[in-house]
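Notes to accompany the following structure.
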Amino acid sequence: MKFLVAICVWALALMGSVPTAHAQCGQRLRRNWDSMSQQDKSTYLGAIQAAMNSGAYIKFVELHTEMMSEREAHGQCMFIYWHRLMLIAFENMLRGQGAQFACVTIPYWDWITAQSRFTNGQCRSMADCSPIVNELGGVPAGTQQRQLAINGVPTQGFCVRSNPLNSFCQSGGIARNQCAGCVTRGDWNRAAFPGSTSFASIQNQIFSGRSIGEMSPNLETGAHNNVHANLDGAMATFASPADPIFWSHHAMVDLLHVVFHRCRVGSTRMTFEQKAAHPVAWSSCGRRNGGVFRPTDPVMMRTGVNGRNPIPAANDPIVGRFFQGVPNRYADLMDVRDLGASSYAYELAGVTATMFTQCGGTPAPAPGPAPQPQPQPAPRPNPQPAPRPQPRPQPQPRPQPRPQPRPWWWDLIFRNGRRLADSRGLRRATSFEGQVKSADAEATVKAADASDVTIVGGAGPVPSDGGNSNSPRQDDKVTPAQTPAAPPAPTEEAIVVPCTPDPSMQKMETWYNDMTQQLGGPSQKAMDEVERMACMFQDECLGGVRDYSPEFKAIWGDCPPRCKTIVDAVKAGTQSICIPNWRETMKQQFGCPIPSSNNNTPDQRPATSGNPTQDVGAGAPQQQ
């Protein structure tokens, strides 16, 4: 009896601490990994490890590999919106792993800046150029290769056991003592940054698209696929969410859509009907299994061990709660400010701030009324009704207060209801849920040079810790424990903060701007031409450009790397570069760090070929 009383007292204390932590988080702000403090990085890694130990992490591998879900996730124009919902639910799940993780957000991996370092010869591989690659475990010397089926998907590579990967379990259907405790990776110490992640290429992938129907495939088949291929291992398969770097890679992809939306759609908040009718922000593209996507279609995400007996992720007993309250119709996911309690923003600096504020040198559309709604197919029944139009509406009505989920200790004491205590010791996560008051403000973009400090939309001064810490801030007001506080209603999708410019990125932007001016200023023609130069330089001075492996194409589609297509066209004479001295100019600016004549590497899949027990090698970067 005394033990029971002690448990009750401790549980009540825990109940009081969780809302307080949420009250102190402030607005969700996803930050560049490179700008985070060591404490915040450690907290994020701790959340990943806790999720792996609880059994929640593998569920997100399940929904990415489930056949019907994957058909909506890749190879069509809903790629970004589908993955946005996945990232939101994953972030909610991390926050639900314990009060110490209540303020965690997914950091993004700025591979544009890292690629500029690679181009400048400052570093020679993904691991060498990006701190996040090694700080998420890297590929330590002496790591052995193995084959590993992750939720039934075959993978192979160097099976890395660095923290937090030593807590990874490859299946939700096995006992804890059968878990591999590692994730397969390619030889990241030799993996090159692809040309499709260069500033010149990303500018074209984002700003050449006239609608989401063009921009999304550009980015998916461009930088997105190329990074997956070069990282190899699990990242080269649909089991890629097994690797924590997946989430930061996709956060960067998501960030680039935020840039596109601000620059090509604008900052005006829209109703659901306006979103569904917007010719730039919405495209009713074809589904891979027939038909077209409609704005009212709910996103299909299903979990299931090895893809068998799948159920909607929102109904999953382990992770379903983390989808609650998140809009799940495709057009609902258009604006990161309109996601209820899961709304978020990005902290931008350097090249991402340049793209967000300058829009590729073309003016952002002036805020104004959205186009008149076009006839849409009859909506499918959906549990989330569209909101009534308001003068300045939100796309979703404010969620009604709901009872908090029963805490994990309830069943321990009262022995009723479902218990999440399997052979792996799964416990109920603490609640992440809160309520968000609707924001009644339109965005205002303040033009600024990349080196200037711009607080977008009057969001207020950014604290010295960058505006968001994974650890609760001490100066926030604490609300009573019985009333979970709502995070601030987001008025902006990004906050631009000051930073010390990266020298390599500065050189890259200077070169890009000089070439653009020689071509008559910003235009589609100039973007195409400068990207050709960047790809040709990759082929001649950064180790070469090669095609994907047959194994990668069998999974991700037959589309070759973006730079491979461009280089082949230039060599065949079907595309040309008008500036005659472009080679000399680039070599003068960047040198020629890895002449392709010195690169004898025939394959871009070093980690998954040859002896399955081979150690990590060293040599020329693997390229395509």
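Glycine too: its Cβ is placed from the backbone N, Cα and C atoms.
These numbers come from a predicted model, not from an experiment.
Positions annotated as compositional bias 'Pro residues' by TrEMBL: 364-406.
Annotation comment: TrEMBL describes 595-614 as compositional bias 'Polar residues'.
Remark: secondary structure over the domain 'Tyrosinase copper-binding' (74-91) totals 13 helix, 0 strand, 5 coil, with classes taken from DSSP. Residues annotated as domain 'Tyrosinase copper-binding' in TrEMBL: 74-91 (among others).
Per TrEMBL, the feature domain 'Tyrosinase copper-binding' maps to 243-254 (among others). According to DSSP, the domain 'Tyrosinase copper-binding' (243-254) comprises 10 helix, 0 strand, 2 coil.
Per TrEMBL, the feature region 'Disordered' maps to 360-408 (among others).
The region 'Disordered' feature in TrEMBL is assigned to 455-496 (among others).
Under the heading region 'Disordered', TrEMBL lists 590-624 (among others).
Look at TrEMBL and you will find 1-23 tagged as signal peptide.
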### Query
What parts of the chain pack near the domain 'Tyrosinase copper-binding' (243-254), using Cβ distances under 8 Å and only residues at least 6 beyond its ends?
30, 33, 45, 48, 80, 83-84, 86-87, 90, 106-111, 132-133, 136-137, 164-165, 183, 185, 219, 223-224, 227-228, 231, 233-235, 336
